[in-house]
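Have a look at the structure below, then the notes.
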Amino acid sequence: MDETTERPTVSFSYSNWISNIKKSTREAYEAKPFSHWILLFFSGAAMLIAFPASSLLSRLYFSNGGKSKWIISWVAVAGWPITCLILLPTYIFQKIKPTPLNTKLVLSYVVLGFLSAADNLMYAYAYAYLPASTSSLLASSSLAFSALFGYLIVKNPLNASVINSIVVITGAMAIIALDSSSDRYSYISNSQYFAGFFWDIMGSALHGLIFALSELLFVKLLGRRSFHVALEQQVMVSLTAFAFTTIGMVVSNDFQGMSHEAKSFKGGESLYTQVLVWSAVTFQLGVLGATAVLFLASTVMAGVLNAVRVPITSVAAVILMHDPMSGFKILSLVLTFWGFSSYIYGSSSSNSSTQASSSSS
């Protein structure tokens with residue numbers, strides 16, 4: 001009797017969840033104009049193309065003779081005028097005024113800019129010492145850190161599915177660490193490999209903290225969600241991160257060293273310039289696409305696209321840069337997908353229960 005009553009309950013719960021997803025998808029499609037979905041499509045495409053391209057270009061910089069972590073960190077935020085150029089028409093044509101600055105808002109931008117500069121520097125160490133496919137898999141742990149810091153700082157719900165995703169993604173990172181012997185480049189020492197591993201995880205943790213603090217900034221200080229406000233935040237944070245990274249470039253004399261580095265770069269000065277310019281463009285387009293997806297859709301949608309770009313980067317790195325792809329790394333990739341799926345399921349379940357409670361009240 002117990003078994004016969006249990007199975008239909010589980011089946012019903014799963015099918016009910018699927019039907020709710022279909023219903024909410026249909027309602028969302030009918031509620032928005034066609035232009036909304038076109039913009040969302042191009043924003044998602046920007047994430048899925050620009051972020052993997054940026055990762056591969058960063059790795060190409062180091063594999064072809066680039067040495068400076070500061071240069072690749074500086075390039076990551078040097079494309080901030082691109083977002084500024086997209087923001088300006090909203091002021092001109094929509095007659096929208098810029099958000100007034102106050103002391104708390106300026107301090108928030110400075111703190112987030114400093115953290116972003118530090119985050120980019122940590123990831124630069126990862127790109128210097130790790131294959132692009134490995135650094136991409138490790139960077140996916142930022143989702144677990146985002147969930148954890150979101151719970152601690154923004155008080156976002158942390159249900160069993162989200163906790164499961166944190167545990168699974170952590171296990172995937174441990175598997176990569178165990179496979180260091182087959183994953184490490186011959187010219188990279190053990191200490192350099194584990195330094196890249198460490199800074200990739202630290203960068204992912206800091207990225208999760210930045211995400212939570214950015215969400216808190218929207219909730220506490222900006223007080224409203226609109227696209228131009230999201231663009232303003234991105235411009236100001238990128239600008240302050242650019243300022244901090246420029247100071248680092250000046251102190252380390254890397255501006256003077258760029259000409260010498262370009263001459264010794266494998267492929268010549270032209271390729272060196274192209275790698276740096278396109279790194280700046282692709283990274284900023286990826287960030288802009290992610291900002292648009294967060295505004296047009298949801299955090300869950302951004303998480304889905306973030307999950308999809310991990311295998312895209314890994315497969316592209318194996319094909320284009322001949323990264324090693326062992327059985328351990330494939331297992332880690334599968335576990336990462338599992339963790340992402342669990343997170344997405346937990347987030348959608350929380351959103352559904354929140355909407356149900358608000359509608360009933």
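Glycine too: its Cβ is placed from the backbone N, Cα and C atoms.
What Swiss-Prot records for 37-57, 70-90, 105-125, 134-154, 158-178, 193-213, 235-255, 285-305, 315-335 is transmembrane segment, and it gives sequence analysis as the kind of evidence. Residues or ranges marked as domain 'EamA' in Swiss-Prot: 75-178.
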Does the transmembrane segment (235-255) come close to the transmembrane segment (37-57), meaning at least 3 CB pairs under 8 Å for residues 6 or more apart?
no
Maximum Cβ pairs under 8 Å to the transmembrane segment (158-178) - stretch from the list 70-90, 105-125, 193-213, 315-335:
315-335
So, taking each listed stretch (70-90, 134-154, 235-255, 315-335) in turn and counting its Cβ pairs to the transmembrane segment (193-213) that are under 8 angstroms, which one gives the highest count?
134-154
